[in-house]
Every structure is written in structure tokens, then in C-alpha cells.
């Protein structure tokens, strides 16, 4: 862990800063050269420092375009003495987000890669293929350095597969959460080689659905390099991901060792595999994969899964139809069965509605995230409400609707109703192509097998111990797996609720998730309501826990955030000391102001901060300037759709005067064919800038010199360009081309440029520094200075 301590000791490594571009680069080169000296004759090591310039568009965060200049890549190729035609890539990034040491994201991965490079280079055993280690220096700038490597570096052409090492938390086990696309042989390589597997196709389908606001270099290699790969990330303790608490001492040595063992084994497997050279022959097909308690991974081709799913669903339907469609009682059986099926669905729906009403109420009274530092509160509040409502609906049905029916018959019928639901779900999910349908497979196959094994006991009066024991054993596998999977889901999603923006009520999301898991886990136990004599004690206990927890939550006793040094769970706040200038068509300054723009990263806004800093209150809420792109505020990324502007605050402050102000020049205006105008610009400024473009009514942005030439609009219709540079970048030149009708030929476009000062003497003004010092210790604040200039052409 010496590498990890050394890298994080350098401090935050923002793209463009000396810490990232000089100190970290020099350190890594020094370590790689030391490894090269100790390598055996079986290998050759080549080192290259790449500083690419390029541009691309991406549909992440609603869609935007990225431009980078002179970002840094350190590329190391380890190959057999006789050379190699093909290669496997291992990727990490050494840059960090501003104001954080970035131990888990992603210094630990680079440290692991250095250790693996050292281990492989010292081995006397020659590899069949080359291993390329990419230490990329601009991932946090939305995947820029990896794009520069895969589209421009000469070694990129030899790469047949990759492993990307990432983080969404701090330490713990590294989860395989993306593979492919297709190329099932890669999953098999991980299954065969990894010593401590932790993988789930469920995580892959959740991540690729876009509901988690994050992305990795995996996307770049997949989309721009057309290369298959494996994406791994640490997921534990996401509460301190991208904060000042992401320090090396919080990552256990066991986590580092485990990751090293896994990645070394998989890289060696790939670098000695015949399939790597012929990967195109094995590229077709998806894989269903999931680990069993971290002990081993089950993986099989998706086409096999489809056949298996349909067979199991068909067996379930045949079993159910034979029971229901008995000649003498067919009509009566069908009526009773579909009544039970409808009642089951009704109980689930009413449970969801009830629990969501509670979650909305909690949100409206300002008690969101009461469970953020006390996860048990969410279970005591929403888990008990969900369980109690389910039991209550079926208890009432038993008492008033089924009062004269045999208990064993009812238990049997409601078991079959749940089986019918999961058989339908299995069929539907398989039909739409989700590999995660394997969960439904477990939820149909094991209960059906259990039912067939203890069919006689179902019919006997009373619930005997033998019946209960056999029932529990039959359900053990699906229940154990779903609880294990639920732990992983909560481990990932709960911390994300603290950085998911001001638009989505986190209590509603978590309550819905808890209801879903409660419904799944209760599917084959709700029939016990009809088999036991009374549910009064259970309902009373659950109701008492719920009511007490609700009262305590409403009282505010559960404070959402924690500054506990051992286990911090901070509130995230961004503060930008901003000077804004708005110009008219003639270049005259028509409006200007200065202030500290404040964004809380969760649904609670600043309600908990106001008592500590009274001037940050609802009287300084921001107002959207409808005439300006992105409401006239200096967004560093196009995340405006995640934050309502009424949940931002703008505290008046003196004007800032950076020592290196942005220089914005119009180089030319050209009339083009088809009634178009081309405007050419030159911009120079700090390492991070944001460009915002809004065509006026009657005009349209048709082309530009960025990305692939086709403008990509962001959410809301404005255009966003994210710019960054490393060291000694030349001024940024670009052009935009607009079509305009003669009726609206005067003002055709508004263009704004924001300059962000993330390091150096311009980073924080005295006023910003003073405000940051007044924030409570349970707040993680990221503050910097920026300017915003709007022009009309």
C-alpha cells in the first residue's frame, strides 16, 4: 500500500494542476522505471507519455460534447521478448475530483496496477500476449483521457479486451458490474480465474439502464474502440466517495490484496489465452452471471437461459392449469384462483401506495433522509409499514371474504397465486431480453419443487413442524440469494440518495425499493396468514414499531448527516464564487452581478445549514434568467435537470478578479451557402471551462467543429460543451455554424463561457474561504471561483 499512500499524499489531483500533470506523473514514471530495472529477460517494457487533444459527444447526463487539450496518459506495454501482435488493456485513472485525495477513486486501482506490473515483469514465465497498462490522467473530466488513448495511440489497435478498474465507494469488495458487450468468453475468463469473485448481471443491467448518474471509461472503450471488457468497482461506503474523507487509511489492506489477486489472475488468464487473439470468433452472445455469496460464480449463455426460463415457466403453467382446470370444478376453481391472484396483486399495490404516502408525508414535512446515517430507521419505518399492510389485507380477506373456507385450501391457493405471478414475470422478462430474469427462475423453480415435495403436507390440517422445516429448506436457496442481492443493492443505492440532486425525493425511492424487496420476500410466506390462527400479535408488534419510528422521525431525532471521524456520512454542498457579465449584440455590458452560488446535492437543500449560517436562507433563492442558456448560471456539467433552480441559493458577494481571466475573441464571421453563418472563436483561460450555446428563435445550430461535427443538445434544448486542458495548452479554436431566417437575422445565438478555477491562487476568494469555514463539520463542501460571460451574435 506504499504506492497508494504516496499518490494520495500528493493531494487532490485535478486535471491541469501541477499535482496531476507534474507531481503524480513524475512519481508514476519513477516507479515504473524502477520496476523495469528489476524485470526479467522474459519480457520487454515500453513506456510512453501521451498528451492527446480531441473532442467527442456523449449521451451521459442528458447529452453534451467534450473537448480536451494536452491531457496526460502514461502508457506501459509489457510484452514477451519476441513481441506480441495482440494485447489486453488494464486501465485506471490517477486524477481526482477537486478537493478530494481520491484514494479509492482511483489511486488504489493505479497502486494495484503498479503491483501487478511488478509481479508480471519479475516472472520468468513468458506471456503469450502483451499487457498494456494505461494510467490515465483525465477520467473525472468525463472520460477524456481514455478517449484520447483509444482513438489516437498507436498501441490501441492491438487491444482485444480490457479490464477497467473503478470505484463507486471506498474499499470493500470490487464488483463486476459491466461486461461485454456480448463476448461471453470474457465472463468465462473471470469465472475461471478470479480467486474472490463478486459479480452480478443484475448490477450490469441496473447500471446500463442509466438510473445511476455515473459512467466509466468502459463506455469509451466500448463505443469508440469497439473493444469488449470487464468493469470492476469498489462499492462499499459510498457515503464518502468523492469527498475529503476518501483517504488511503480507510481502504483496508485486505481489500487491496483481494483486488490485486483477482485482477492479476484475470490478466494472466487473458494474456495467455488463445481466445484473446481470436476474440472476434467468440464475440456473439450474452451471459447470465451471478456469484453465490462471493464463493463462486454461476455463468451460462443467455440463449441457454432463455430456453431454461421458458421450460420452467411452461412446467409451472402446466402444473397450475392441471390444478385449476379439473373437469368437474373448472369454473369454480378458476373463479377462486383468479380471485386469489387479484387479491395478491391488490395487496401488493395497496402496500406500495400506503408506504409511498408515508414517504411523501415525510418528504413534505422536511424529514427526508432521516435514515441516511441510521439505515435501520428505513426498515423500522417503511419495512414494518409494508409488512404490516400486506398481512392486514390478507387477514381482512381471510376474516370477511374467506370466513367459511378451509385454511389449508386457502394456503394452497395463495401459494399457487404467487407461483402464477412469478411464472408470468419470468416469461415477460425473458421475452424482453433481460438476463436478470434468472431471479424469477429461482422464484419459480424452487417453490414449485418444494410444493411437489410436500404436497400432502399442504393438504393436512394444521402446520406441522415437519411441514415448516421442509418448506423452509425448499425456499432456502432463493431467499438466501435475494437477501444477499438486496444487501448489494442497498449498499450501492443508499449512499447515492445523498448525491442524487434536489428533484427526486429519496424517501420515495428507498420506500419503493423496500416495498419491492418486501413483496418478493413475502411472496411465498403470505399464504401462512391463512394457515395460522391469528396475526394479531404480529400486526400489533409491527404497528407499534412503525408508529414509534414515525413519531421519532417527525420529531427530528434522527439527524440525516454525521461527522463521525470513523464513519462519516456528510452532506454535500458545492459553492461557486461567481462573477457574471451579460453583453448585448453590440458588446455593451447590460447587466452584471457577483455572488456565491450554492448547490446542495440532496433533496434537503440548505434547511439544515441555515441555523448555522443564517444568511443562507430562502430569501436568496436563485431566479432563472430565461433569456440565457442554462438560466445564466455557470454549471460545471449539464446536471441542471437534477437540480431545480429554486433549490439553489445566490448569496451576494464582491466581484472576483482572477489573475488569469478568460480571453474570448471572435475571429471571423462568414456567410455560408444555404443561408448559414459560421462564427469562429478563440478562447483561452483556466484548465476547466464550460461553453453554453442557445440558438435564438428562427435559427438552428447545424454544424460545429466539435465532436463528430453534429451538435448534440442537452436536456432543455441548449448546447453544452465541457472543456479542459493539461499543461501548456494553446488557445482553444472552434467554430459554430447556424442557419437563420431573414426575419430573425439580427440576433441568432447567445453564447456564454464559464471559467472554473479549481486550483492555484484564483481558486478561493477570502469571502468564499470565510463562508466555507462557517459550515458545520457534517458538511463536505467543495468550493471554487468562476466567471460567467454571455454574448449575443
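For all residues, glycine too, the Cβ spot is worked out from N, Cα and C.
Ranges compared are 257-279, 510-532, 579-601, 602-624, and TrEMBL records transmembrane segment for 510-532. Given the ranges 179-202, 203-226, 227-250, 467-490, the record in TrEMBL names 467-490 as transmembrane segment. Taking TrEMBL as the reference, the stretch among 147-175, 292-320, 640-668, 669-697 described by the feature transmembrane segment is residues 292-320.
Here the transmembrane segment (341-365) lies next to the transmembrane segment (371-392) in space: the count of CB pairs under 8 Å, restricted to residues six or more apart, reaches at least 3.
Of the candidate ranges 413-430, 467-490, 510-532, 539-561, 467-490 contributes the most Cβ pairs within a distance under 8 Å of the transmembrane segment (436-455).
Between the transmembrane segment (413-430) and the transmembrane segment (539-561) there are fewer than 3 Cβ pairs closer than 8 Å, counting only residues 6 or more apart in sequence, so the two stretches are not in contact. Sequence-distant contacts of the transmembrane segment (292-320), counting only residues of its own chain at least 6 positions beyond either end whose CB sits under 8 Å from a CB of the stretch, comprise 173, 184, 187-188, 190-191, 194, 196-199, 285-286, 337, 416, 419-420, 422-423, 426-427, 430, 435, 437-438, 440-441, 444-445, 448, 452, 480-481, 484. Long-range contacts of the transmembrane segment (510-532) within the same chain: residues 344, 347-348, 351-352, 355-356, 358-359, 371, 378-379, 382-383, 386-387, 390-391, 394-395, 398, 402, 407-408, 410-412, 414-415, 418, 421-422, 443, 447, 463, 475, 479, 482-483, 486, 489-490, 493-494, 497, each at least 6 residues beyond the stretch ends and with a Cβ under 8 Å from a Cβ of the stretch. Residues 347-348, 350-351, 354-355, 358-359, 362, 490, 494, 497-498, 506, 510-511, 514-515, 518-519, 522, 526, 529, 535, 538-539, 542-543, 545-546, 549-550, 553, 558-562, 569 of the same chain sit 6 or more residues outside the transmembrane segment (371-392) yet have a Cβ under 8 Å from a Cβ within it.
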